[in-house]
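Chemist: Per Swiss-Prot, the feature disulfide bond maps to Cys5-Cys19, Cys9-Cys21, Cys14-Cys26.
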Amino acid sequence: GLPTCGETCTLGKCNTPKCTCNWPICYKN
């Protein structure tokens with residue numbers, strides 16, 4: 001989805017569960 005996860009992603013991975021990387025920001029699905 002659109003809400004951000006409050007983190008940036010490195011190497012295309014996000015630490016927060018159910019979040020995906022749209023560099024440089026992680027978004028909830």
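Each Cβ is built from the backbone N, Cα and C atoms, and glycine gets one as well.
Fair warning: this is a prediction, and the values are worked out from it, not measured in the lab.
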Chemist: Under a criterion of Cβ-Cβ distance under 8 Å and sequence separation of at least 6, what residues of the same chain contact Cys5 (disulfide bond)?
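Modeler: Listed in sequence order, they are Cys14, Thr16, Cys19, Ile25, Cys26, Tyr27, Lys28.
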Chemist: My understanding is the cutoff is Cβ-Cβ under 8 Å with a sequence separation of 6 or more in the same chain; which residues meet that for Cys9 (disulfide bond)?
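Modeler: Non-local contacts for Cys9 (disulfide bond): Cys21, Asn22, Trp23, Pro24, Ile25, Cys26.
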Chemist: Counting across all protein chains present, how many other Cβ atoms fall within 10 Å of the Cβ of Cys14 (disulfide bond)?
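Modeler: Taking every protein chain into account, the count is 19.
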